[in-house]
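As written in TrEMBL, here are the features:
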{"type": "DOMAIN", "residues": "18-187", "note": "domain 'Fructose-1-6-bisphosphatase class I N-terminal'"}
{"type": "BINDING", "residues": "GLU85, ASP106, LEU108", "note": "Mg(2+) 1 binding site"}
{"type": "BINDING", "residues": "ASP106, ASP109, GLU266", "note": "Mg(2+) 2 binding site"}
{"type": "BINDING", "residues": "ASP109, GLY110, SER111, SER112, ASN202, TYR230, LYS260", "note": "substrate binding site"}
{"type": "DOMAIN", "residues": "192-312", "note": "domain 'Fructose-1-6-bisphosphatase class 1 C-terminal'"}
Amino acid sequence: MPTTLNNIAKQGANGAAMMPVIQGVGRAAIEIAAVLRGAVFRGALGGAGSENVQGEQQQMLDVLSDEIFLDEMRSTGFVCAVGSEEQEELLVIEEYSHADYLVLVDPLDGSSNLDVDGPVGTIFSVVKRKTPNSDTPHVSDTLQSGKEVIAAGYVLYGPSLMMVCSVGDGVHGYTFNPGSARFELSHGDIRIPETGGYYSVNESNKDKWLDGMGDHLDRMKADTGLGMRYVGAMVADMHRTLLKGGVFLYPADEKNTTGKLRLLYEAIPMGFIMEQAGGKAMSSGIAVLDIEPEALHQRVPVYLGSHTNVDSLLG
Ligand code: AHG
Ligand code: MN
Ligand code: MN
Ligand code: MN
């Protein structure tokens, strides 16, 4: 069982190259965690005064986290480009435009929690380029289904600083140890419980859901009696679902008719982790990992969790 990020990165088919990339994510996580702590005293909370391609008012910490993450990916020397929630276009890393890997990232997930000191996260996914190394990386290099993912995971900035990731041979959780100043294995080989847990959804949208999902949820609630927990940050809601079981869902609704969550840097990495942990990851009538992406910021409905709960919800 890998005991530090160095060990996990050596596993999997692309192990040697994944080590610097996953270590880079770890460094970015430590830097972002430091920026989050005490941000209020540096006037770093609040809006950046800019809107991102999602139509969201960017938080200053969205922008700063994005810069930190990009810098750490550049310093690995293995990443040729980054597709980020906070950048409309693919960001080519010129010095390493010949490198093999692209990283998709939600640099700060759940940023609406920032001003109420709620949990936030970072979500990432790594794919190998399709274009020749001699070419400039192209956005088409990012449009690969979840079956092509080489590594993926998330960082949870909560009471502790955790990274949960997989290189395709199971899911491992690492907690930052202030004593040693590094991530150390704390949750080896995470498997989602088959039963129990919670359902997790923003139920206030229920009347606007498409595809009769309101009735589906009412039936699942009646059948299972599950309690409900919802934090409003996908990373936190996903992490609880992974450890306790149940189902996390964000259906399409009249406002977000193709769903709210982004396929490439939210649904696919979380779907990869969920399947690697023995769970299920569905979108509209198709497994998340089978969706062929068409656009960098494409949105999809998401139903992630224990097989029995996802099947009971969608059945
Ligand atoms: P982000 O902060 O990266 O834009 O993501 C927000 C997402 C996700 O974290 C969460 O599950 C969802 O938005 C919450 O949406 P609602 O506030 O509509 O419930
Ligand atoms: Mn956002
Ligand atoms: Mn997000
Ligand atoms: Mn985000």
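Glycine too: its Cβ is placed from the backbone N, Cα and C atoms.
Among the binding-site residues ASP106, SER112, ASN202, the ones whose Cα sits within 10 Å of the Cα of GLU266 (Mg(2+) 2 binding site) are ASP106, in sequence order.
Here the CA atom of ASP106 (Mg(2+) 1 binding site) lies 14 Å from the CA atom of LYS260 (substrate binding site). In this structure, ASP109, SER111, ASN202 are the binding-site residues from ASP109, SER111, ASN202, TYR230, GLU266 whose C-beta falls under 6 Å of some atom of ligand 1. Take the mean position of the Cβ atoms of ASP106, ASP109, GLU266, the recorded Mg(2+) 2 site; other residues of that chain with a Cβ within 8 Å of it are GLU85, GLY110, GLY121, THR122, ILE123, TYR154, MET234, VAL235, LEU261, ARG262, TYR265, PRO269. Counting residues of the domain 'Fructose-1-6-bisphosphatase class 1 C-terminal' (192-312) by DSSP class, helix then strand then coil, yields 52 helix, 24 strand, 45 coil. In three-state terms derived from DSSP, ASP109 (Mg(2+) 2 binding site) belongs to an extended strand segment.
Taking Cβ-Cβ distances under 8 Å and a sequence separation of 6 or more, the neighbours of ASN202 (substrate binding site) in its chain are TYR230, GLY232, TYR250.
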